[in-house]
Amino acid sequence: MAENRDFMNRRLHSLLGVIPIGIFLIQHLTVNFFATRGAEAFNAAAHFMESLPYRIFLEIFIIFLPILFHAVYGLYIVFQGKSNTTRFGFFRNWMFLAQRITGVYLLVFIAWHVWQTRVQAAFGADVNYDMMAEILSSPFMLVFYIIGVLSATFHFSNGLWSFLVSWGITVTPRSQRLATYATAVVFVALSVIGMSALLAFINPDLANM
Amino acid sequence: MSEDKQVRFIITRQDSPDSEPYTEEFNLSYRSNMNVISALMEIRRNPVNAEGQETSPVVWDMNCLEEVCGACSMIINGKPQQSCTALVDHFEQPIKLEPMRTFPVVRDLIVDRSRMFDSLKKVKAWIPIDGTYDLGPGPRMAENKRQWAYELSKCMTCGVCLEACPNVNDNSDFMGPAPVSLVRLYNAHPTGEMNKPERLEALMGEGGIESCGNSQNCVEVCPKGIPLTTSIAALNRDTSLQAFKNFFGSDRA
């Protein structure tokens, strides 16, 4: 297998992006969505996730290590490419570029987000509705988070499309085109879920519920 | 001579592989149906630039002159293509000619496409039938399959798909779409299929299929309309299966 290291790494990168990272993204956005039902509902959902058994192992093997590998190897992939959308302005070429731009943005965003929430929790802070409401009360942070969530939903949806190609599931142009439509729907749906949650954290009516 | 219609060319030139590129402009008299190659031949016949100075003739590569060999590929008004079938009437003026810089420039518009031929050797893009005795006739290929495979066989190793690929550059050793698609051609052949695992292994090696980033520029620019991205996806499937076979240890047949 050693002679195929690049091949295996690249396939692993593609797989990890969907399982478990993509699944985790959907789960994370779903828990966030509880904020649209008020502070109490969100805190209860967040508390449920917090109190899962052997949580540290779930975090390490389902979240931290996969994301770390995906991020580091992804950066290596970014540096291998030379964008040429000015010369070849085709739709997929723009998607290729957007996948790399959102990937790099997410590297910064997720690092900061983990520092602001999970690392602070390790230092004894309470991760709850009030914490997010306070973070998002800054207009700069709100924009930073909005772009972050949209980058994540785009990167996942477009990555799902290329996952289907990279593993040889969608081969014909027709199946690839249908996958484009399907993943566009995924992008819109996840973006609506993510944006609703973000806006719920800055809604004073929901804070008191 | 009657009122002369002019055609203006801006050509990116380079005197040697290591020297700096520069542009030089040329004005030529228009002739009906002239193409880029006939214009270059005119410059070679009378190498005088737009300022009226005598200069060295512009050099370029060519062979078949009917878009079958791929040798005369260059960038014309920003698009990589064959200069033999590039009719001057179809382009906005001035017409800009540049070498395909994805490949090492030898001189002016001539590039060295060796990396493509090395890739073809790497993936064994041929059907081995040589032996010390007559192997007899091989298995027959169904006519409908032959017609389908013929489309893949139109690849002329021109390098346009590599030029358009964002992942073929100095930072990456990706072999590009053309050799990948040829693996599909030779794996589809009833005799070539006997060496299918070897070709797949080569594609799974360094600079192989995994470096494809799915920008799909290749299929848009291929002058022969070869379904390059379908080939890549089909071989993604084949290499996935090959990887499972290799790892879980079923036999290689």
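Here, residue 1 is simply the first one shown, and the rest follow in order.
Cβ atoms are placed via backbone N, Cα and C, with glycine included.
TrEMBL annotations:
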| type | residues | note |
| --- | --- | --- |
| TRANSMEM | A:12-36 | transmembrane segment |
| BINDING | A:His28, A:His70, A:His113, A:His155 | heme binding site |
| TRANSMEM | A:56-79 | transmembrane segment |
| TRANSMEM | A:91-115 | transmembrane segment |
| TRANSMEM | A:135-157 | transmembrane segment |
| TRANSMEM | A:178-202 | transmembrane segment |
Segment-segment contact (the transmembrane segment (A:135-157); the transmembrane segment (A:12-36)) at 3 or more Cβ pairs under 8 Å:
yes
List of residues, in chain order, with Cβ under 8 A from that of A:His70 (heme binding site) and at least 6 apart:
A:His13, A:Leu16, A:Gly17, A:Ile21
For each of A:His28, A:His113, A:His155, count the other CB atoms within 10 A of its CB; which of these binding-site residues has the top count?
A:His155
Kindly say whether the transmembrane segment (A:178-202) and the transmembrane segment (A:12-36) touch, using the definition of 3 or more Cβ pairs under 8 Å where each pair is 6 or more positions apart.
yes
Using a Cβ-Cβ cut-off of under 8 Å, list the residues of the same chain that are 6+ residues beyond the ends of the transmembrane segment (A:56-79) and lie near it.
9-10, 12-13, 16-17, 20-21, 24, 100, 103-104, 106-107, 110, 118
At a C-beta cut-off of under 8 Å, are there same-chain residues at least 6 beyond the transmembrane segment (A:12-36) that contact it? List them, or none.
42, 44-46, 49, 62-63, 66-67, 69-70, 73-74, 77, 129, 132, 149, 152-153, 156, 159-160, 162-163, 166-167, 190, 193-194, 196-198, 200-201, 206
Using the Cβ centroid of A:His28, A:His70, A:His113, A:His155 as the reference point for the heme site, which residues of the same chain not in that list have Cβ within 8 Å?
A:Ile21, A:Phe24, A:Leu25, A:Ile67, A:Leu106, A:Phe109, A:Ile110, A:Ala152, A:Phe156
Greatest CA-CA distance (Å) over the residues A:His28, A:His70, A:His113, A:His155 that the record ties to heme?
18
